[in-house]
């Protein structure tokens, strides 16, 4: 389409989660509390892992990085969604919309690869325990994290390339609370059938390949665990249950949204809320409530800060008495 024949869209209208004015204050309160819980829960895990030397192991190093990515996943769109619940006209600039598309695929793509790395870590720990510290060295852990960010960057760059040069001249209403790639491409003033296929191929390949790697890894691990019955294997089963739960909660909505033929089905807002808000808040709960080492480290951290607070209060009281 010739550029002189249309006026380029400069902003999009986000329809949000609900058009009900009565419901929006309630949603504002709920999602504000959820977002606060995401920040506190995940930063608490990062602080706990960094402060306790007993948690300076490959598994907890990867867990801390997962918590950081979860904060990023929750933060690329949630603050905008929460603020939009207080306004009637929910708009986002064209550049900000592209930025949301970039970050959602960067963070979710990186998290997929990081979950595969965590599965590999558990595979080595359970199936090759004598070589664990040699295979999962600090250098290898850092490389795995760098690879997850690199794959996420390549994935999101390829996705954004499908969208950035599309002509947008007509409808500008996005039926979601953030700019999601399938919904935005539908608004282009051109035939997007081929682009839709490329999006499915790109996102589908990353989602399904990561998911299949995880299924194979956990199947091998579960077969190995089943052959053993020691106390250490009971601990391994507990850890695996947590990992498999996280994988199911994260990949389920992602695969449905980006692999299902969305030319016939609209993106479900509930699923979008699930993987951008509920999964990041469930990860700290799953990993802390089922992990005795993390709970013990958090208790130790709490005692340390309470003791520091008591000492500070005592010093302030002494100083105040001396000045009287």
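Glycine is treated like the rest: Cβ placed from N, Cα and C.
Within the set 140-162, 163-185, the record from TrEMBL flags 140-162 under the feature transmembrane segment.
Residues belonging to the domain 'G-protein coupled receptors family 1 profile' (41-287) score a mean pLDDT of 83 in the model. Scored on C-beta pairs under 8 angstroms, the neighbour of the transmembrane segment (26-47) with the top count among 59-78, 98-120, 193-220 is 59-78. Note: the stretches the transmembrane segment (193-220) and the transmembrane segment (272-289) are not in contact (fewer than 3 CB pairs below 8 A, sequence gap of 6 or more).
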